[in-house]
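S.K.: Quick paste from TrEMBL:
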- 1-10: compositional bias 'Basic residues' (COMPBIAS)
- 1-22: region 'Disordered' (REGION)
- 85-102: transmembrane segment (TRANSMEM)
- 114-131: transmembrane segment (TRANSMEM)
- 176-194: transmembrane segment (TRANSMEM)
- 206-224: transmembrane segment (TRANSMEM)
- 230-248: transmembrane segment (TRANSMEM)
- 260-282: transmembrane segment (TRANSMEM)
Amino acid sequence: MEVAARRRQHPGAAGGAGAQPGASFLQARHSTAKADEAASTAPFHLDLWFYFTLQNWVLDFGRPIAMLVFPLEWFPLNKPSVGDYFHMAYNVITPFLLLKLIERSPRTLPRSMIYISIITFIMGASIHLVGDSVNHRLLFSGYQHHLSVRENPIIKNLKPETLIDSFELLYYYDEYLGHSMWYIPFFLILFMYFSGCFTPIKAESSMPGVALLLVMPSGLYYWYLVTEGQIFILFTFTFFAMLALVLHQKRKHLFLDSNGLFLFCSFALTLLLVALWVGWLWDDAVLRKKYPGVIYVPEPWAFYTLHVSGRR
């Protein structure tokens with residue numbers, strides 16, 4: 001009778017003892033999963049890094065070159081150019097490769113942040129597609145990239161003068177809004193992926209030989225991206241955030257894996273190339289006039305229209 005009464009008063013007492021092993025099992029399973037995630041190391045993603053580097057060079061760097069190489073008769077000025085089709089392909093392929101890269105991360109990354117970043121990236125790259133298409137087509141009419149919009153000979157005498165404001169708006173969409181919405185989520189995604197590229201095994205902190213071969217073209221492309229996109233501050237902030245993360249993880253005896261090393265070395269090479277580029281053009285009076293701010297990083301296409309195409 002007393003035992004029955006006690007059971008009625010404490011219905012969970014008997015079940016509590018039975019539920020304890022289940023709770024312990026779930027805790028142990030969760031801890032094991034976290035330990036496996038921390039200890040797992042992804043192999044070097046040769047396929048993704050190769051495709052990533054190749055499409056960056058062909059579809060992004062090669063885009064304005066293709067616009068100048070292909071005959072104008074094939075792509076009239078009132079129709080999309082071959083470079084525009086390159087840009088469209090880039091806007092589809094790059095987000096896909098970024099998502100595949102995130103899928104292979106040994107660390108679980110915040111999905112909502114990834115989705116918002118990818119959506120913003122596509123929107124920014126699409127805005128840039130329109131603005132950049134018009135700006136590069138203006139080259140055939142005598143537009144000079146090393147001059148500001150209002151100083152360009154083909155624009156400064158436009159009537160009514162409000163048309164100049166429209167071209168400045170187009171330039172703003174191309175060089176400022178489009179670049180910001182394109183590159184900020186791009187580097188944010190790379191940094192989030194980089195945050196998962198650590199291993200507790202020091203012997204795994206090395207790159208295979210093929211990765212070393214990809215570092216040079218990868219770093220050179222990012223040099224073009226930083227200088228042409230005018231994102232030196234964003235890139236420098238990302239690089240030093242990566243460096244701070246490496247130093248922080250080192251205190252926990254965690255080391256960069258092959259993928260993290262590849263990304264870090266590519267960015268380090270980019271920073272060196274940007275420094276050499278700025279040093280080379282430091283005393284260029286014309287480019288100094290176009291980039292009058294404290295941070296002086298001339299665009300390669302501005303250098304091209306000033307010193308290369310002008311001599312032809």
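Any Cβ shown, glycine's included, is placed from N, Cα and C.
Just so you know, TrEMBL annotations never went through curation; they're auto-generated.
In terms of burial and nearby residues, how do these features look in this structure?
M.R.: Within the chain carrying the transmembrane segment (85-102), a Cβ under 8 angstroms from the stretch's Cβ atoms is held by residues 45, 48, 51-52, 55-56, 58-60, 62-63, 66, 109, 114, 118, 121-122, 125-126, 128-129, 132-133, 186, 189, 192-193, all 6 or more beyond its ends.
Sequence-distant contacts of the transmembrane segment (114-131) (same chain, six or more residues past either end, CB-CB distance under 8 Å): 84, 87-88, 90-91, 94-95, 98-99, 102, 170-171, 173-175, 177-186, 188-189, 192.
Long-range contacts of the transmembrane segment (176-194) within the same chain, counting only residues at least 6 positions beyond its ends with a Cβ under 8 Å from a Cβ of the stretch, are 94, 98, 101-102, 105, 109-110, 113-114, 116-118, 120-121, 123-125, 127-129, 131-132, 225, 229-231, 234-235, 238, 241-242, 245, 260, 263-264.
Note on the transmembrane segment (206-224): residues 44, 46, 49-50, 52-53, 56-57, 60-61, 235, 258, 261-262, 265-270, 273-274, 277, 300 of its chain, located 6 or more positions outside it, place their CB under 8 angstroms from a CB of the stretch.
Long-range contacts of the transmembrane segment (230-248) within the same chain: residues 175, 179, 183-184, 187, 190-191, 194-195, 222, 256, 263-264, 267-268, 270-271, 274, 295, 297, 299, each at least 6 residues beyond the stretch ends and with a Cβ under 8 Å from a Cβ of the stretch.
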